[in-house]
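Inspection log for the structure reproduced underneath, given as structure tokens.
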Amino acid sequence: SPLSVQVSRLAELPYSSCSDDDADGVSLPGDAAEQDPGLWCPVPPKPSTFSRCVRYLAFLWNLLFLLLGLLLLALGVWGLLAKASLPGGQSGAPLGSDPMLLFVLGGLGASAVSLAGCLGALRASPCLLRFFLGALLAFAGLEVLGGLLVLLARRRLRDGLRDLLLLCLLRYQEDPDLQFLVDEVQRSLQCCGLGSYRDWESNPYFNCSAPGVQACGVPASCCQDPLESGSVPNAQCGFGVLALGPAAAGAVVHVGGCGTALGAWLRGQAGAIATGAASLVLVEAVGALMALRVLGDVAAFRAWG
């Protein structure tokens, strides 16, 4: 009969007794179920051991990147405060063009996304998990777009890099971050200026017509031997170099420009850059897969309820 067919189907599903008076907690459907079907309720699905491990791993994974984001944020804030405490405040540089602002924004973004992933995995929140997945997709889209722009507009990017280096030369004394960056590039690549050491004539402080002791000079990072057989770098080793001839200047400083040297260094680091980009995509993919697994388990449990 239709009733016996329904009872046989119910017997195939996992049921437990909802009554506190049932000693065993589970019994086969019979006359009691036919008299009062409310005594029977389906057993909620329990997450597997693998699902629980993925959930805990997703929490720890995002916790690690949350700490890294907070460290990056603290570094950016420390840099801004340190520059603000210098004489002259921000040294005339607007806050919007401060390189340390990139650390602040990157730390805020990484911390917010990682925090959403941590809380989403810990509290099984579909809203936070969807926000986390959306942020990862947005980051991946920006990375792909940036890679395409690099491939399609290499000439314009090269020209833009030259303009940026020239701007760094012009604002060498105005921004401590740019000064540190230029000194590190010239010291590590053993170069001076953009095209040659003569490019420092465009700087108002090193121009031969400028007042002061730095006139007709170049930064100490251009010197071939800034220590000059001592233990402390000589900050005046580049003074008066622009007034010398090419041969005499070549005996004191590196006369080659940093534009060519930087381009050769970037081409040599292409493999490392590609490896870093692939590692970043892999990290994002692992985080997204774990979030999808946790979100699927949450959706399955809510669909049962």
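Glycine is treated like the rest: Cβ placed from N, Cα and C.
TrEMBL does not curate its annotations; it predicts them automatically.
Summarising the annotation, TrEMBL assigns transmembrane segment to 59-81 (among others).
Sequence-remote contacts of a segment are chain residues at least 6 beyond its ends whose Cβ falls under 8 Å from one of its Cβ atoms, and for the transmembrane segment (101-122) they are 55-56, 58-59, 61-63, 65-66, 68-77, 79-80, 95, 128-129, 131-132, 135-136, 139, 287, 290-291, 294. Here TrEMBL flags 101-122 (among others) as transmembrane segment.
Within the chain carrying the transmembrane segment (128-152), a Cβ under 8 angstroms from the stretch's Cβ atoms is held by residues 62, 112-113, 116-117, 119-121, 277, 280-281, 284, 287-288, 291-292, 294-295, 298, all 6 or more beyond its ends. Residues or ranges marked as transmembrane segment by TrEMBL: 128-152 (among others).
Sequence-distant neighbours of Cys208 (disulfide bond) (same chain, six or more apart, CB under 8 Å from its CB) are Glu201, Ala215, Cys216, Leu242, Ala243, listed in sequence order. Sequence annotations record features per position, and here TrEMBL assigns disulfide bond to Cys192-Cys208.
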>> Give me the count of other Cβ atoms within 10 A of the Cβ belonging to Cys192 (disulfide bond).
In response: 28
